[in-house]
């Protein structure tokens with residue numbers, strides 16, 4: 001049987017400070033939520049092993065600072081990304097209005113080989129706040145924006161409750177995998193000398 005190699009896929013999460021980027025990443029990777037997160041300084045990342053159709057790969061998720069003073073660091077962190085996630089708070093109109101700025105900044109600094117077809121995914125977060133009564137950005141408005149940018153996949157999430165987080169990241173992983181060029185980057189795999197099977201962490205998604 002052919003050996004299974006683990007491929008590295010890089011995902012960047014962008015959005016205004018306070019929209020829940022760190023919370024979403026930690027909910028997906030660690031199944032944890034905290035109200036005590038401090039603003040990300042520069043950038044940080046977590047990894048998660050995922051599997052699609054008998055292929056193992058490591059999803060490297062970069063959580064970047066939303067403050068303007070850190071945006072100059074973008075070039076170093078954005079380049080080599082396989083998918084970009086744009087996050088806004090459904091209760092803060094300005095965070096939604098800034099999505100276009102984040103998208104344009106990524107395309108300028110990351111310089112993808114095919115910018116018109118580079119995969120983005122949009123997450124409208126914090127739908128749990130005040131039972132939805134504080135919401136100012138409608139799902140219809142968000143979907144219309146996504147459609148105008150080439151039908152970007154859209155998910156509404158609650159990092160606090162874990163709602164839709166797995167489905168969103170499965171779609172993100174699938175888009176990242178589909179964008180991976182021919183010259184794939186592989187991580188060294190371990191040899192199972194005992195002949196046992198490898199644990200499967202996650203299943204494929206439909207997106």
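Each residue, glycine too, has its Cβ placed from N, Cα and C.
Copied over from Swiss-Prot, here are the features:
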- 15-22, 63-67, 125-128: GTP binding site (BINDING)
- 205: S-geranylgeranyl cysteine (LIPID)
- 207: S-geranylgeranyl cysteine (LIPID)
- 207: cysteine methyl ester (MOD_RES)
### Query
According to DSSP, does residue 15 (GTP binding site) fall in a helix, a strand, or coil?
coil
### Task
Please state whether DSSP places residue 127 (GTP binding site) in a helix, a strand or coil.
coil
### Task
Tally every other Cβ atom lying within 10 Å of the Cβ atom of residue 127 (GTP binding site).
21
### Task
Could you check the binding-site residues 15, 18, 21, 64 and say which one's CB has the fewest neighbouring CB atoms inside 10 Å?
18
### Query
If H, G and I count as helix, E and B as strand, and all else as coil, what does DSSP give for residue 21 (GTP binding site)?
helix
